[in-house]
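Undergrad: According to Swiss-Prot, the feature ATP binding site maps to GLY10, LEU11, GLU12, GLY13, ALA14, GLY15, LYS16, THR17, an assignment based on sequence analysis.
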Amino acid sequence: MKGKFIVLEGLEGAGKTTALHTVVEQLRSLGITDLVFTREPGGTPLAEKLRQLIKHETEEPVTDKAELLMLYAARIQLVENVIKPALAAGKWVIGDRHDLSSQAYQGGGRGLDRHFMQTLKDSVLGGFEPDFTLYLDIEPAEGLARARGRGELDRIEQAGLDFFNRTRTRYLELVRDNPKAVVINARQNIERVTADIQSAVKKFVESQHG
């Protein structure tokens with residue numbers, strides 16, 4: 001079987017880290033063990049430096065478009081230098097965020113023009129996209145409360161509840177129209193969330209054998 005690219009998406013506090021472990025365990029139980037893990041922004045030396053600029057306060061205000069362009073610079077470095085080579089080698093790539101995050105956070109939360117967003121995506125990524133996306137859906141207030149419980153919030157996490165409400169609305173619009181995406185209700189108890197993720201991953205893997 002060819003390598004596949006699976007991405008976990010969601011707001012802060014949605015439980016992506018726990019979900020990633022569930023995805024990995026389920027894939028391994030199905031005999032898929034040659035895995036590569038990525039995170040966005042980040043995943044290459046240059047992309048990790050950009051991550052620091054994006055997520056932490058700088059000496060000058062970061063404009064919304066500058067933020068977006070840094071995200072795409074980090075993303076294309078990761079796609080070309082890590083993800084595509086891994087897929088070509090038959091490995092499965094598990095990503096903590098990908099382009100849907102930019103469409104939701106910068107397109108929805110920041111309110112950047114959607115035509116501009118789509119043009120940039122097409123120019124940078126071409127037709128490259130995940131084979132399967134799991135979107136962990138949670139109420140923004142609950143997610144932010146969980147994130148605060150982990151410690152200090154980064155620059156983007158400090159954006160405020162209205163920002164995250166807009167981000168979630170855009171996420172839901174995007175996954176509703178994406179046949180390669182599944183919504184997981186992350187407000188359920190951990191056992192139910194785990195079972196839903198296991199079921200979705202199993203169904204996806206089985207579909208690849210068809």
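Keep in mind that glycine also has a Cβ here, set from the backbone N, Cα and C atoms.
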Undergrad: Going by DSSP, is THR17 (ATP binding site) sitting in a helix, a strand, or coil?
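TA: Looking at the DSSP assignment, THR17 (ATP binding site) belongs to a helix.
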Undergrad: Could you work out which of the binding-site residues (LEU11, GLY13, ALA14) has its C-beta surrounded by the smallest number of other C-beta atoms within 10 A?
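TA: Comparing Cβ neighbour counts within 10 Å for the binding-site residues LEU11, GLY13, ALA14 gives GLY13.
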Undergrad: Around the C-beta of GLY15 (ATP binding site), how many further C-beta atoms are within 10 angstroms, looking at every protein chain?
TA: 21
Undergrad: Near the ATP site, what residues other than GLY10, LEU11, GLU12, GLY13, ALA14, GLY15, LYS16, THR17 in the same chain have a C-beta no further than 8 Å from the centroid of the listed C-beta atoms?
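TA: In sequence order, the nearby non-listed residues are ALA19, LEU136, ILE138, GLY143, ARG146, ALA147, ALA186.
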